[in-house]
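Notes for the one structure printed next.
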Amino acid sequence: MNKSCIYPGTFDPITNGHMDVIKRACRVFDNVIVAVALNESKTPYFCYEERISLAKTATKDIPKVSVIGFDNLLVDLAKSKGINTVVRGLRAVSDFEYELQIGYANASLWSEFETVYFMPSLKNAFISSSIVRSVLKHGGDIGSLVPTNVLEEIKGKLC
């Protein structure tokens, strides 16, 4: 049986922490859809198109992964794809509190909806898009925080 999942997020930008979760999901699922959210409630550093492009570049060598953008409810996206499972990364207890609430909200919208949580490896547990943006803003080296194949694209931010 072919089992697929969706890994949603803003990916602003995609990080080595995200890649860690993607690779772990690929060990469990046959197909992983990385779904880049438009999320108008946030003010992204990278525009929507850039975030999709960065995610596609970062995952291009992982055959099980595809990247899409979405601007609707995650549950509606999942239903439209015939997928009832999403994966999320958990770095700390604070992540769990937030993700638990979101998971319950999604399950209340669709009873078949499941959320699977992955912990990143210790070397990536501290990495967040916020940290990458902060280091980038102050001219620091983000080379160990993001996939090498998107490093120059991130440094040459277009939007």
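Cβ from N, Cα, C; glycine included.
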Further ATP ligand in Swiss-Prot, beside THR10, PHE11, HIS18, GLY89, LEU90, ARG91, ASN124, ALA125, PHE126, ILE127, SER128, SER129, SER130, within candidate set GLU97, GLU99: GLU99
Binding-site residues compared (LEU90, ILE127) - highest count of Cβ atoms within 10 Å: ILE127
Candidate nearest LYS42 (substrate binding site) in space, where candidates are the binding-site residues THR10, LEU90, GLU99, SER129 and distance is Cα-Cα: THR10
ARG88 (substrate binding site): secondary structure state under DSSP, collapsed to three categories: strand
Pairwise CA distance, LEU90 (ATP binding site) versus LEU74 (substrate binding site), rounded so that it is a whole Å: 18
Most crowded position, judged by CB atoms within 10 A, among THR10, SER129 as binding-site residues: SER129
